[in-house]
């Protein structure tokens, strides 16, 4: 009887476990877990559809096909539960056991597991020290392996071919044992003594002379240690029996028409069973060795195909010619188990529909079609109907809902109240792609979306669809409301600025109402209060844009009311402002930028609730006035500037002039091309400038009849100026000149399109345009995929970066200063330190007062104080220097950008960082085609103009004065500063080698004066001394060729690569006596010419100091688009070595040149103390340092990009992090995308997690082992506690893919990439996954250990002490107090 009651029990909770282990299964384990051996390849009986006995679907082994019913039908129903039928041997239990019961196949001969054989590096091969090629020969019966050498002196594991084996037999006459196939390998593996072997290998490793030998030994040792420590036995890599998957997981489904659909696995198992049975029979019949060998080989191949089809040889195909899906394929790739079913599942209680705009919604609402709501909230409705007594059973409730009776709608209204729903728009690129709203029931079938959240979803209403999800449990509803509600996501997690900002029409409306119109109705009137303005406006006495004066009191402070110059519209706008926001914030023309600023100020001063109310009011007022303004554009609004023809004529003449110079041979073709492009780029800019000036100014008559220029109300200009739609770039194409276009390859076509869209394009111009436009479309498709993949890799590497503690107590941090480029500050120090935590006390440089105490968050007010004090550098805490073992501490991270306060524990900052970097990647990729491929190339900077007046100051510049009296810079990294009277630097510029400086040291400089100029397209080689030119090793056809220009017929000498290692083309300068001139005391005036340089002088001519003797052309410029972008970002995060990376010096010292070696040039750097270091630089590369130059560690000795690994090695982690952060930021800055530095730092931290062991000391580590930094530190602590010698290691920089694959969690790594490889390695090591990251917990179906799932929050308990009322003096009982578990 009890059994019956138990049957209706609630289903058991899933197992509670804290970690999961993977290891190799032993044959005994497989048999132990199996419920019987599968002996026959039959599946089901095709007439009765009953499973065949002992077959692949056998009910005796795997359980009954129908609940509580045996196969022959003798026992049916629940009362016979647990009985085994004596006729058919089937147990009477529920049929769902067919999903979990395993069978097995006993193999007639052992076979190798293909993962351990073929997954590189081959584990079996590694252990036995046999190459994979030989190992395959043995396993597939083409060669013998020595399993026991006995006294013959043969090495254990030697591989013999058939002939060699016969010879050996004759020689040793059976004094040894050898075999072939997996059985022989198994014998070898069983007889291995791992302890003794690993000792031997350790000794070998210490004695190893060559690097290669050491590495090989280390690899073997690693596999051995893994087997030793995990308790796996090597012979388990060879299978004696194979487990058979439960039949429900490889179903056989009858289709109509008597055919069957089957899982590929059944075919693969059938082949294995057939071959196995055949082999057994052949062995019983004692067939000839050849036949048995062949059958064994076929069995090995069948098992290989079952485990990993296509890994070896050709994949086995099914009847329809496509490869069968093996067990490995079930796990691998996008449609494998991990990514398809475990990381992303389809869910119920969801629906999707097209979205339309809902302008009358509040920010926290969305419009939900009644039909959808009825379906989504069904169970809730049934429940309510029953509660209300409308129905008595669920069935009748169902009928009632189907008929859509009026009561149902009333109930639905009630159910829906206060029950948030989640809206999601694919692709969900960052966390704002899913937000919670309160549903409002609407007619129709489209979801209504609030216009202000479109930016976050990146949604528009041209047919986008969105999905609705319903949070069911109370906890999930609370989280949706508190964390995900659109009103709680006003700030963007990527940069901390508001993301809920009016856009498009709303901006235009507010812009229009805050503009000033000269001489409008009511101009100059003075009002006593804002209310009076409202009355006058309602009465139609004043114009919306009239300039008026109003007496206003400051609501923020108690100052006296003052007269403020303003306009009617701005006073009207003030009505919607919260009191805390000062009027000055809106007393200006409100562009999109200003509106964003307004929302930001409101959030900081008035708080979240007020901001939400303001946002909704802005939306309403914006739409209202946009409608009132009635702005529309006509073709006449695109005013073509009058000066356009003149500019084009001038440019054409200049181009002709350049062409003439080229024809005369004064410049090379490359220079000509670059200059032509420059002229056109500049002309396009000029026309654009004039056009924008025209558009933005109108000329009108004032009351006296005089002409005055006033800001224009041109519709196109207003749209672009307000930031509502369109950009200067697009207007330029409409009314200016289309400009230069790029070829698909990225080069710029040198004939520009001089027409604009208003004038119309000629056929040729149209044709050139199509180039760029098509490239834009093609790029978009490709880049979206690339960007998505980048995001996926970033998320994977950073997913376990979670805020785990409040403060790690580190004393380390980063020094941050303003970012400058070309003397211009691109990012102020304030923007970089906002929301970070100060490392030490920040002191005022003048008074020494503490501006910010140590470990305090630097907020907006403190930033203002720091900037006012004029601090140039600030030390802050950083994720990079955080010492938390797992995760990151809140103090090192700083402010949670989306919330505006210090980050909470449990915040998944890694994923947020990955999304913040990845999301704009996709946006940017999609942004290319809007401009339609117009080449946007800045005219290269060729001169420096002083921005301030002052005195010129040369900072380590070596220069010579040429014949014209200009100073020519002769070294790199010199700087030119402008200082004021007090000697304070106002601006500072780097000057390049070969630049002409037009001022002398200490000379007075006026503002706007040109102080230096240079040629950006070539890199000159200059002579430092006057004399006669002599060539050395400049031999035509060997090291130099005369290149004749087809167009001009003129030739020039170009240095080419030579086969002859001894030839080194150079130019020497001789003095009067014919000797090589000396520069200073010791240096010879000898200049080596790199490959590709053009010689500018003739032999035996006189040159002066500072003259150019040769030029190295720079590449023709390509347009900068985020193509330089996305791949560049990926390259940085993958830590790839650039193609031609520069050799950098590892020490400070003085440069000297040594003798050439192996066709490379030798550069010596000699420090003040110690040995000189030598660097070899390939010939033909331009060496950018000169003899006698001082260089600093980390400086490049030649042209080329930096190699991040070198930076880490030479300059350390902080410099590397700075380099990576700056480089990534530069790519995004080019696109105008803001990302906070800390996100990039978070990713870089994950890339720097590991170290490589250099010296093992007295620890258990292996040399060259790559391990987590904290594991290394722990091992060292252990060794030092015992008084041993610690190990040493060097920092490693891993690319994001590598870092993801080398995480501790094998589940996370396997679900990312290279599944088989990861699982193979993990099972050998017997790895334990302690489920610490997010991904592995999602896969195991648990709550993630972040956010509200953090243990810290899961274990909170309420403590309630109830007052004890004692009526009579009774024996008091103990009160129960629930302790809070921290």
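Every residue, even glycine, has its Cβ placed from backbone N, Cα and C.
Sequence-distant neighbours of residue 85 (Zn(2+) 1 binding site) (same chain, 6+ apart, CB under 8 A from its CB) are 70, 71, 72, 74, 75, 91, 92. Annotation note: residue 85 (Zn(2+) 1 binding site) sits in a coil segment as assigned by DSSP. The Zn(2+) 1 binding site annotation in Swiss-Prot covers 70, 72, 85, 88 and is backed by sequence analysis.
As annotated by Swiss-Prot, Mg(2+) binding site applies to 460, 462, 464, with the evidence given as sequence analysis. All protein chains included, residue 460 (Mg(2+) binding site) registers 11 other Cβ atoms within 10 Å of its own Cβ.
The Cβ of residue 808 (Zn(2+) 2 binding site) lies under 8 Å from the Cβ of 882, 883, 884, 889, 891, 892, each of these being in the same chain and 6 or more residues away along the sequence. The Zn(2+) 2 binding site annotation in Swiss-Prot covers 808, 882, 889, 892.
One residue stands out among the binding-site residues 70, 882, 889, 892 for having the most other Cβ atoms within 10 Å of its Cβ: 892. The binding-site residues recorded for this entry are 460, 462, 464, and the Cα of 464 lies nearest to that of residue 88 (Zn(2+) 1 binding site). Ranking the binding-site residues 462, 464 by the number of CB atoms within 10 A of their own CB puts 464 at the top.
Summary: among the binding-site residues (72, 88), the fewest other C-beta atoms within 10 A of the C-beta are counted at 72. Secondary structure from DSSP puts residue 464 (Mg(2+) binding site) in coil. Other than the site residues 460, 462, 464, same-chain residues with C-beta atoms no more than 8 angstroms from the centre of those residues' C-beta atoms, the Mg(2+) site, are 355, 459, 461, 463.
In the three-state DSSP classification, residue 889 (Zn(2+) 2 binding site) falls within a strand.
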